[in-house]
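J.: Mind looking over this structure? Questions follow.
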Amino acid sequence: MNWRPIPPEIWLPRGILNLEPNAWIALRRTESTSVVAGPGAGKSEFLAQRAAYLLETGLCKAPQQILAISFKTDAAANLAARVRKRCPPELAGRFISLTFDAFTKSLVDRFQAAIPEHWRPTRPYEIGFPTRRTVQDELNRIRFMAPAEWQPKIAQLSAERFEAEAIGGSRLAVDALLQLTTAEQLAAYQWLRQQLYGTSVSRLSFVTLNRLAELIIRANPKIARALRMTYPYVFIDEFQDTSFAQYDFLLSTFGHAGTVVTAVGDHKQRIMGWAGARQDAFEQFEADFGAQRVNLLFNFRSSPELVRVQHFVAQALDPQSPQIQSQAVGQLDRDVVQVWSSRSTVVEGRQLAEWIAADLVTRQKQPRDYVLLVRQRADQFEDELQPIFTAFGLSIRNENKAIGRTNVQDLMVDEAATIALATLRLASGERSAAAWSTLSSAVYAIRGVDEDDEIQRYRADQDIQGFLTALGQEVRAQMPTAEFAAEIARRIFTFLDANNMAAAYAAYTRNDLLDIMTEAFSLHLQHSAYEATSWSACIDRFVGTHDISMMTVHKSKGLEYDTVFFVGLDDQSWWSHTPRNPEGIATFFVALSRAKQRAIFLFCAGRGRRDRVSELYQLLTDAGVEEIEIR
């Protein structure tokens with residue numbers, strides 16, 4: 001190992017020229033910090049730089065690790081990839097990037113025997129995803145068995161918010177619960193008992209897993225101390241979306257002297273209230289952890305005109321919002337933000353497709369530079385627009401579409417899928433240093449190869465080359481078919497060795513995520529092989545090289561595109577919006593802030609009125625945005 005600690009006072013950012021002044025302040029903090037960073041502020045880059053700073057200066061001493069917790073799988077994978085690019089392998093290996101759900105589930109799986117017996121699930125157990133109907137049916141069952149005086153109260157419980165608030169907002173008793181004193185306690189107790197013991201195999205939701213993980217920490221001081229010693233530094237990304245259960249788990253696990261927590265997010269982008277996100281996450285964190293707030297003031301994504309319009313919306317959410325400074329260069333002289341209004345979905349779709357087809361040529365852009373955002377029901381919009389786009393030689397890729405037990409977007413950022421795709425690229429004859437680096441680094445990690453040992457590395461490289469040669473001979477000799485694609489996927493994951501991969505990557509430890517992703521990789525590769533004329537075309541279809549992305553606003557968090565189209569800004573898609581509803585305005589703000597150069601909002605009278613969302617249009621009008629009638 002050639003690495004030597006760098007004195008903190010001379011450490012410089014890795015892979016970028018500099019940080020904004022406030023980012024330097026937050027990066028060097030030795031105590032807990034809440035970093036409020038708006039869209040385009042470079043939240044992921046800031047966290048990657050702070051990780052590099054802590055590791056390279058030796059402030060995070062080996063064998064201690066940094067734990068980064070994200071809400072989305074792709075965000076966790078992106079942050080891990082950034083750190084690998086900025087740190088030597090021996091340091092990057094001490095940066096653990098997981099989702100909240102993956103981390104809490106791993107604790108339950110690892111320390112299941114430490115759960116008090118009256119709350120202990122079966123081994124194995126299943127993961128459940130309760131729907132609103134499932135919750136309502138269970139609440140009805142509980143109500144009918146409850147004492148008569150408690151039945152009216154249970155009837156008033158919201159099926160939409162019950163799990164997030166009643167389960168996520170309370171702690172499990174360490175000792176056996178002797179007496180239930182309220183209707184809410186009875187409902188929560190019966191709900192949990194049904195998940196734990198209602199069938200022969202426990203079927204647990206992620207909220208329940210979170211509560212069990214918190215119980216493990218609280219009931220077992222030795223486990224709690226071990227976690228705090230392992231992770232003296234903790235990062236929380238997208239902190240504004242923290243739920244009651246997640247915050248309580250964070251407080252129990254790391255709310256003690258000796259752990260430095262850096263929470264990064266933006267209260268103006270709080271769009272997960274439906275999932276139980278706290279309204280006061282930053283304020284509560286600053287009070288409980290003694291954290292100091294630091295505002296980042298640069299926007300590296302959006303052009304100055306977009307940032308100007310964004311500020312109007314930001315002030316509707318927080319009148320005290322500071323003026324953000326755009327660091328991006330505007331490429332357009334006019335029509336940066338517009339509203340397109342049409343009478344029918346056919347007219348709207350034709351205008352969209354025709355405009356994108358022309359802009360691709362005029363500005364020499366790629367399909368992946370554009371995104372179609374919707375508030376919900378992406379499948380419905382895809383069915384509506386795809387035939388029209390096809391007529392113009394364009395293709396839509398619905399990132400929300402289910403593939404097996406996951407979806408397109410989550411598969412594309414999964415570690416195992418990324419490694420398998422790199423393997424296929426090399427086997428098909430693609431000369432890619434990046435693909436080789438991805439595959440070889442993965443094999444070293446899976447096999448426990450010491451990268452400083454040339455003999456171990458040479459043997460691993462020979463095995464990789466031998467496998468690629470054998471697979472490549474078959475791949476290049478056959479056209480893509482669904483059957484052959486399934487066989488290729490099977491052989492790649494056999495070579496990678498799923499059991500050892502699960503041990504090497506924290507995200508796959510003691511859960512079925514790896515099975516879910518290997519299954520989805522095979523299914524998606526089979527679909528991509530259908531009618532593909534070459535393996536290069538198959539890979540392009542797999543990753544969506546020539547497709548225009550469509551997704552919900554929630555799926556777009558953390559992403560950016562040259563041009564953003566927000567389709568369906570009407571009462572039908574926004575049926576639950578009420579005037580001055582901060583979550584609705586925040587959703588609008590998130591959509592607008594994905595754009596680098598242009599944002600266009602579409603209203604179609606054929607879908608409904610726009611009375612409920614009139615305030616959103618008024619914000620655009622106040623910002624001087626033009627509305628154009630499309631005929």
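A Cβ is built for glycine as well, from the same backbone N, Cα and C atoms used for every other residue.
What TrEMBL says about a protein is an automatic prediction, not a curated fact.
The annotation domain 'UvrD-like helicase ATP-binding' is assigned in TrEMBL to 16-303. What TrEMBL records for Ala37, Gly38, Pro39, Gly40, Ala41, Gly42, Lys43, Ser44 is ATP binding site.
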J.: Report the mean pLDDT of the predicted model across the domain 'UvrD-like helicase ATP-binding' (16-303), rounded to a whole number.
T.: 93
J.: Neighbour count, 10 Å Cβ-Cβ cut-off, for Ala41 (ATP binding site): what number do you get?
T.: 25
J.: Reduced to three states, what secondary structure does DSSP give Ala37 (ATP binding site)?
T.: strand
J.: To test your reading of the ATP site: which residues beyond Ala37, Gly38, Pro39, Gly40, Ala41, Gly42, Lys43, Ser44, same chain only, put their Cβ within 8 Å of the Cβ centroid of those residues?
T.: Phe46, Asp266, Leu296, Asn299, Phe300, Arg301
J.: Out of Gly38, Gly42, Lys43, which has the highest number of nearby Cβ atoms, where nearby means within 10 Å of its Cβ, if these are the binding-site residues?
T.: Gly38
J.: Sequence gap of 6 or more, Cβ distance under 8 Å: name the residues on the same chain that satisfy this around Ser44 (ATP binding site), in order along the sequence.
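T.: In sequence order, Ala75, Asn78, Leu79, Arg82, Asp237, Gly558 meet the Cβ cut-off.
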